[in-house]
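Encoded as structure tokens, the structure appears first; notes follow it.
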Amino acid sequence: MAKSHTLNPEEEFEEESGLRPSLLSEFIGQKEVLNNLTVYVQAAKNRKRALDHVLISGPPGLGKTTLAGIISNELGTRLTITSAPVITKGADLARLLTSMGENEILFIDEIHTLPKKLEEILYPAMENYMIDLVIGEGVTAQMVQIPLKPFTLVGATTRSGLISEPLKSRFGIQLRLDYYNDEEMKQIVLRSSKILGVLIEDDAALEIGKRSRKTPRIANHLLKRIRDFSEVEGNLSVKKNLCLKAFEKMGIDDLGLDGMDRQILDCMIDRYKGGPVGLKAIAVVVGEEEKTIEDTYESFMVRIGLINRTPAGRVATEKAYRQLKRMEDFSVHHGQDPTLF
């Protein structure tokens, strides 16, 4: 796979590529997505035509960029990676589209942030492999159609609800990635440890997986930090006891909550008696952006039952109080007898 990093200065794909699976057969988890994608890719190969445009949605770190790379590898074609926030002008998008070779893949991350005027450039490009450009200004301006080579747009989003219906409907293939289970996370840690040359016991890999918020990207980051602790202590292999000590030092609990998670929950409990409370109020208190809280922290805590989203705002659940060992506060806030807890 040849990669082009147009308009992507951070090159995050390269930084993590060593641990990313490169083929569908190497990808762990997301069975339904993989089974369907295998069929779609094979059909495109058999027809020797561009794969239908693909929209991949789901929380951060679950493998959206990785799947774009896998599609490119499986089809044996070039992948160009960019992100919607850095495409600010129609000329940027036109340059990307006209640079695409036949059946090549254009990956646009955070596609839900693409401005409407740029979306409208994509419509004919996705449907008819054409773009309409205005040449000149004023009364002399002319609309010129520029043909494109057949290509596949792979869009990734953490907020599929923010994508306009006209754009969403042009993706013939729509895939949703979900959080991984503990066994899948363990297998991901074992695979990554082999690539990194880290000897690790199964129960240690499971412990890392359980504290990785059901997210492979976080699992890989934690594995590297556990490796640091293990090497400094002079251990030949990573054991569960070392993981437990390292996680305690890093402030990561048995559910994978870190300091910011606890700060968010403490804010809800201490200032708002558990809620309901608005996202903006939480963001002001903890000093973090609303989008970051919603995408990175809150979505996971909602998933595991620590926060409920209600029409009136966010509410900390009984499980959240229990996890923070604050059941006396729960009884006070909910008018119950503290001795019950």
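Every residue, even glycine, has its Cβ placed from backbone N, Cα and C.
Per Swiss-Prot, the feature region 'Large ATPase domain (RuvB-L)' maps to 1-180; the stated evidence is sequence analysis.
Positions annotated as ATP binding site by Swiss-Prot: Leu19, Arg20, Gly61, Lys64, Thr65, Thr66, Arg170, Tyr180, Arg217. In this structure, Thr65 (ATP binding site) is part of a helix by DSSP.
According to Swiss-Prot, the feature Mg(2+) binding site maps to Thr65. Cβ neighbour count for Thr65 (ATP binding site) (all protein chains, 10 Å cutoff from its Cβ): 23.
The region 'Small ATPAse domain (RuvB-S)' annotation in Swiss-Prot covers 181-251 and is backed by sequence analysis.
Marked as region 'Head domain (RuvB-H)' by Swiss-Prot: 254-341.
Among the features that Swiss-Prot reports, DNA binding site is placed at Arg309, Arg314, with the record citing sequence analysis. Around Arg309 (DNA binding site), taking its Cβ as the centre, 15 other Cβ atoms fall within 10 Å, counting all chains.
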*Could you state the whole-number distance in Å separating the C-alpha atoms of Gly61 (ATP binding site) and Arg314 (DNA binding site)?*
24
_I need the CA-to-CA distance for Arg314 (DNA binding site) versus Leu19 (ATP binding site), whole Å please._
36
_Going by DSSP assignments with H, G and I as helix and E and B as strand, what are the residue counts for the region 'Small ATPAse domain (RuvB-S)' (181-251)?_
52 helix, 2 strand, 17 coil
*Using a 10 Å cut-off, grab the number of neighbouring Cβ atoms around the Cβ of Gly61 (ATP binding site), all chains included.*
23
